[in-house]
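Q: Have a look at this one.
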Amino acid sequence: MNELGVRYVQRKVLHTLEFDKVKEQLAEHASSPLGLEKIEALMPSSDLEEVAAWLEETDEAAAVLRLAGYAPLDGVVNIRPHLKRAAIGGVLSPQELVETASTLTASRQMKRLIMDLHEEQGGLDRLSIYADELVEVPALEHDIRRSIDDHGEVLDAASDRLRSLRGQIRSVETRIREKLESIIRSPSAQKRLSDAIITIRNDRYVIPVKQEYRSAYGGIVHDQSASGATLFIEPQAVVELNNALREARAKEKQEIERILRELSAKVAEQAEPLARAVESLAALDFAFAKAKYARRLQAAKPAVNNRGYLRFVQARHPLLDQEKAVPNDIELGGDYTTIVITGPNTGGKTVTLKTVGLLTLMAQAGLFIPAADGSEAAVFRAVYADIGDEQSIEQSLSTFSSHMVNIVDILRHVDGQSLVLFDELGAGTDPQEGAALAIAILDEVHGRGARTVATTHYPELKAYGYNRPGVVNASVEFDTETLRPTYKLLIGIPGRSNAFDISRRLGLDERIIERAKAQVSAESHNVENMIASLERSKKQAEEEEARARAALEEAERLRAEWEQKWEELEEEKAERLAEATQKAADIIRAAEREAERIIQELRRLQKEKQAEVKEHELVEAKKRLAAAMPKVEKRKKAKKAASRHVFQPGDEVKVTSLNQKGYLIEKVSDDEWQVQLGILKMKIRERDLEYIGSAPAKEVTPIATVKGKDAHVSLELDLRGERYEDALLRLEKYLDDAVLAGYARVSIIHGKGTGALRQGVQQFLKQHRAVKSFRFGEANEGGTGVTIVELK
């Protein structure tokens, strides 16, 4: 943007479009002087990438407010001067140190908030850049707050020496007061003293003595009353104590100076990172002020482009009451690049014109705009405006001349990257010549490719939008019933005067109105009738669109409602399935515990040399039960043919809930059978049984057998030279036998070799239920060629 273009934006357009008032409202949401500095310097940018980045910062700040509900920036102070003085060895005042600590607290809290949210939610890429520059110096923050309170008073806790000195001061003050109290309570005090009080003069305790009793107490005169009748005397009895008090206070002052110097030196050590943090806090305060302002306006983030296309959906002027402002849809730069708004002067055309310009400036300044989602703003190289009566009295310029001076300047610089706003173009001169000039100026600006919005009350421009490609007519709707503009923008329909309707509503004689109509040409009548017809058609179309939109919203609501119900049903289904699965798992765990009980009982019998049990079969049965537990799922009902079968003892069946086969032993009740599942006998309900076939002809071999006295299980198993699969089978059988033999520890010899067998053995041991722990052998036990196993 050239120098003149910048001058237009800064001096005329920003003032004319009231951008400064937007900044005033924005400033109300700053938390610190740093944020206010940023707002005061705020200017729209013509750089698309810069504008997009600014808008993204506003969007991220709005997200933080939405997620966290606050931004801890209230304690931020402009501590730049403090840091500069500390850096060159200066001593900061208590208040300056408190402000530094307050800013440190805000820096720490702000950094944590942004980083935590960015880590949890993501999407704070730009704010996290600022947060990276924020500092956390809790030690310095703690030292300052421990030493100085919020009011700038140095605390006793600042140092042990300061605490001691202040203890001395309080003690001496107490002794002084006691001596002076004894003086003013004495019988002679009533006539010698002007008042029975203790006061201070020149930092020393004194009493008010009448002039005539000056020598009654000795000591030093420090002051006298205005009349001279009263002398403020330090009695001789407390002179030494006052001297001691002054000396203690001098030491206190020195100690405070030392503490402040020490704290200032610590600030100086952090001056550079703190200075960067201050700039980041300024940027963050500015971003959050923009986000708060957006929330106040119920504003939305616009998309931005450099194609000269803008589309403001349900746009409102930001300086109007947002609850009462009439929203309008405004589009420019697509099918048409020029909008000519016609109609009477009182119709609200200027508000619409300013809304387009001000929302454009807001977007280019990184502010959200008071419009609905889906809005889009163009980033223009320059924005030009000729609005209102800006005639110069000193130059004795007429309204027309004043406007023409502005227009001439605009025409010197306008191009295809410009937005131009004309209010009442061609006004202030002969209507016919003014209309002709307006058309010629619009043709020139339109021909250069600028985006243009112009208002006029000249009827000659009503046909302009129909005769020029890329130009469209518009008007502001007028309610003839209330005789007020509705401020609703009607794109595609030129404005009409409504003079006859307004006059009739106000009571003008109908005969006069008819005579006036007779003075208007037939062509003008036809144009007005056409406009009225267009207005009615557009209004009808808008009403139909509103009904359609309402129907669509209702359909969307119903769809969302049914989706929610579907999700609730799915959740209920999942909960019931989980409940059923849990119940089945409980059954399996109960069966597993029963199996464990049986195994322990058989082990006990084995130890008593009464029976031999095939341990590997017991363990295998238990493995099958355990493996079934996580695979429990909803089972289908048994086939109709199977369900009609009359079960008989000896039938082979499948227990559907356990996915295990077994044999029926006997029926224990109307709907329950005792079933042999491997080594286990379980009671199973008949509905959980699925018929497989009749009992096999041969008898089932007993599981347990009597064991002879000479049976022996070795304390070690040598697997060297065995194939991998054979070795693991032998290992499984051996562990079963060792458990039944009651061994607490056994040795597995697998050799060193390639390590494959060793790894396989140890992997098997990890999964075996009877293994408590295992380790390689010591050097005298065979080293890594042997694994020592501890059994449960």
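Even glycines carry a Cβ here, placed using N, Cα and C.
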Q: What range among 206-237, 238-269, 398-429, 462-493 does TrEMBL describe as coiled coil?
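A: In TrEMBL, residues 238-269 carry the label coiled coil.
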Q: Please average pLDDT over the coiled coil (524-624) for the predicted structure.
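A: Average per-residue pLDDT within the coiled coil (524-624): 69.
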Q: Including all protein chains shown, what's the count of other C-beta atoms within 10 A of the C-beta of K349 (ATP binding site)?
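A: 27, counting other Cβ atoms within 10 Å of K349 (ATP binding site).
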Q: Report, as numbers and ranges, every residue of the chain located at least six residues beyond the coiled coil (238-269) whose Cβ falls under 8 Å of a Cβ in that stretch; write 'none' if there are none.
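A: 82-83, 86-87, 89-94, 97, 100, 140, 143-144, 147, 154, 158-159, 161-162, 165-166, 168-169, 172-173, 175-176, 179-180, 203-205, 219-220.
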Q: Give the sequence-ordered list of residues that share a chain with T350 (ATP binding site), lie 6 or more positions from it, and have CB atoms under 8 Å from its CB.
A: I387, G388, D423, T455
Q: Which one of the binding-site residues (G343, G348) has its C-beta surrounded by the most other C-beta atoms within 10 angstroms?
A: G343
Q: Would you mind splitting the domain 'Smr' (717-792) into helix, strand and coil residue counts from DSSP?
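A: Per-class counts: 35 helix, 19 strand, 22 coil.
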